[in-house]
Amino acid sequence: MTGAPRGGARGAARRLPGLLRLTWRAAPAAATGHLAVVAAGGLVPPAAAWVTKLLLDRLTGGGAVLAPVLALAVLGAVLAMTSHLTRYLDAQVRREVGLAMQDRLFASVNAFTGVRRFEDPRFLDRIRMAQQAGQTTPMQLVSAVFMGVQSALTLAGFVTALLVISAPMTAFVLVSALPLLLVELRLARRRAEFLWGTSPAARRQGLFAGLQTDVRAATEIRLYGLGGWFRERMLGETRAINRAERTLDRRVLGGQGGLALAGALVAGAGLVWAVLRVRAGVLTVGDIALFAAAVGGTQGSLEGIVARAADGYQALLVLAHYEAVVNAGPDLPAPAVRRRAPELRAGIELRDVWFRYADGHPWALRGISLTIPAGRATALVGRNGAGKSTLVKLLCRLYDPTRGAILWDGVDLRDIPPEELRERIGAVFQHPVGYDLTARENIGIGDLSALHDLDRIRAAAVRAGVDAKLAGLPDGYDTMLGREFFSDSDADGVMLSGGQWQRVALARAFLRDARDLLVLDEPGTGLDAAAEHAVHRRLREHRAGRTSLLISHRLSAVRDADAIVVLAGGEVAETGDHAALMRAGGEYAGLFRLQADGYRLDDTEEDPAAGPSPLTAR
């Protein structure tokens, strides 16, 4: 699943029928027309060679030449038209097939209900290769097939001409092309391996290039003088790719250069033979013209077929990445018996939940057993790395527990379709995503059914305290947030501060008003003290009587929770309400007092007898 393309020629051949079927489903008229045009174009060169022979023989023999001249003119016109029609139909097929491939790829990516694959760098490389394959491979392969058909028809015409002149010479010319086929197929595989081998470097190169123009990184890059450092990292990756490509180019040059020289020797030998036959009176002047055209046409057609076969082979090898993604299947096991998520009346129970992100990694959660009662506010607190965010991911079924179970009113989360479970959950995360969409869309995506309901969107924004800001933008709620994309219609796109984005994320959560579970992961991040106080007041009002899970490093924000669960090292260290935990004097009490001490003045500042500080005495 994560290696380089496998399967060789046999595996590549298995992929061809499927892609051709997709091509004809996506663009039936254009594909059929394209095939007809290239077929006609393939028959013109040998026909022109035959007519040229006839014309030369009549010129030397004193016959009528009007008919062959007119025939050559018609064939020239047909050849000129087919080239233009081929380009037009090629573009039509490319657009339609590319759209179908892109749709299939991202439908598969969006069907991954968990996030494990998106945190696997090798699978991300595979997705990148799949995107590249979806954009370029279909047309590369369709073009290879169609132009291969054209070359085959041209070859058939010229081989027929050669057979009329000399069967042994025909065999000699055809056999001389076999090494070309073998070399080109080998080079095609090397090209596919090159693309896979350089994919990590290409992804890093794109990352370092993107950082230098990313508005989110611009301030820090300039403050710390990182521009040159990132540029060198980018250029280093580019140089590594270039070195690998240069090695490949040398192999291509060595293989193709030697074969081109051999082909020229074959053509030269054939021409000497034909001249000698003319001098012996066996062949006519027209025959030698036909022979020369047929040898050149046969070699050119064979090279075309081999080149198209190599292109198609390379495309099919790269297509292995595309197929690996679209055929990857679910990343979370499908339930043996699908059950609906019941309305949350009793609560959520975690039974001896263990979890680690991969085999061999340390345990992120160790035997967690706790209950989140329905209609109550439960807080999760603990130091960094205690397992709080991991537990939230499991509750949202972005991962499944390694051991143990999570029950939603007695139903195992693994028996509930993830999309149905998530319809029951509203969430605000610590680092919400600011989308380059309009203000209305940025809130409306919290519940797509409300995307065009401005009244609901504004009501959510009012509750989040961001309505005045958004309504005052140049185009109100239709103003583009962010400046990633530019067009005349969004020239007034604006940037929001971190705190304002946090309020937009809160509005998304408020839009999901009727959900059974509200998850609030550091909802006050990026807010000033007054704004944070206002947000927490609104959240207290909003979560009254609702099942909610609060996560915060600022313990004053969760002290009013009905129950507080303290995590340490992936385990439950203690539970209780604020008063009980303070009396217990454990982990929670220690953290709470540590934070509270930060807001108290030290003894020197509190003691008037100490006199003024050195600064105030001046």
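Just so it is clear, glycine is given a Cβ too, placed from its N, Cα and C backbone atoms.
Residues or ranges marked as transmembrane segment in TrEMBL: 22-44 (among others). Remote same-chain partners of the transmembrane segment (22-44), defined as residues 6 or more beyond its termini with a Cβ less than 8 Å from a stretch Cβ, comprise 75, 78-79, 82-83, 85-86, 89-90, 92-93, 95-97, 99-101, 138, 142, 146-147, 149-154, 157.
The domain 'ABC transmembrane type-1' annotation in TrEMBL covers 35-314.
Same-chain residues lying 6 or more positions outside the transmembrane segment (64-85) and placing a CB less than 8 Å from one of its CB atoms are 33, 37-38, 40-41, 44-45, 47-48, 51-52, 54-55, 58. The transmembrane segment annotation in TrEMBL covers 64-85 (among others).
Marked as transmembrane segment by TrEMBL: 171-188 (among others).
The annotation transmembrane segment is assigned in TrEMBL to 252-276 (among others).
Per TrEMBL, domain 'ABC transporter' is recorded for 348-594.
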Predicted model, mean pLDDT over the domain 'ABC transporter' (348-594):
87
